[in-house]
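Inspection log for the structure reproduced underneath, given as structure tokens.
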Amino acid sequence: MGNKIRTTVLLAAMTALMMIIGQMLGGRQGMMIALIFAGVMNFASYWYSDKIVLKMYQAREITPESAHGLYAIVQRLVQRANLPMPRIFIIPQDTPNAFATGRNPDHAVVAVTEGLLNLLDEQEITGVLAHELAHVKNRDILIGTIAATMAGAIMMLASMARWGAIFGGTRSSDDEGGSSVIGLIALSIIAPMAAMVIQMAISRSREYLADATGAAISGNPEGLASALEKLGTYSKQIPMRANPSTAHIFTVSPLSGTTLMNLFSTHPPLESRIARLRHGSDSGTGNRDSSIRRRNMNTEAKAAWDRLR
């Protein structure tokens, strides 16, 4: 499925979810208000979602003078990937992580945390940056930032549903299909989960491709594999202050590794990603299935490299 179609499907699904919440909160009038709100959010998501996410994490832009080493790495990678130079931001958090955002490669942004720069070596930083530039190259960034903005709006509406339940609902008794307090409570629980499932469906498959493309850009799969190991370890030791609606845009999920979060994880298992980078398989074993998956991974990486030229 092309990313244009994926974006359209995402916007339609998120809009439908908002309308359901609006209908539960205020009947037909609530549904129409939600539709208008969704239209505004769709417009804002396309033009301003990157700014919203950067503001959310208090990211600051760097220049070649203020962070020469980081700027030089990105500059080298974009030349290899045949991409325009993105704007680069640093997030004031100690947990190592990164994300890319923007509506297209000409308006792309790459953001890294202070922890990434402090805790990873140059090869690992290069691997992470190559992974994020792969998302830019594969045009994943628009759909990712739109999903983040829309999921945030849905979670806000779900919170309104929860308050509506607390105060006994907001609809009059003569509206068709009057919603109950129990319905509002259920909606306040289900809506955020539905938003996470949509995020998961959008982003999970793209992470493997970004890993393969990133390895092709950097020319060093081990750099990214080692970085993923460290990011996974440090994310547990130094929890990140992250909004769940933006979890899918990061290199690794910044959310706590609880069973529920793993169930609704927006990323594939780290072990699987690392094994694919190192061995071309999910297990790293030398059996026939592993050999087949290794050939598939090599084919995927070669295709990614062909797209760079």
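From the backbone N, Cα and C atoms, a Cβ is placed for every residue, glycine too.
Keep in mind it's a predicted model, so treat the numbers as computed, not measured.
Residues His131, His135 are given by Swiss-Prot as Zn(2+) binders; from Glu207, Glu222, Glu229, Glu271, that same site also lists Glu207. Note on the recorded positions Glu132, Glu207: the fewest other CB atoms within 10 A surround the CB of Glu207. You'll find the Cα of Glu207 (Zn(2+) binding site) roughly 10 Å from the Cα of Glu132 (active site).
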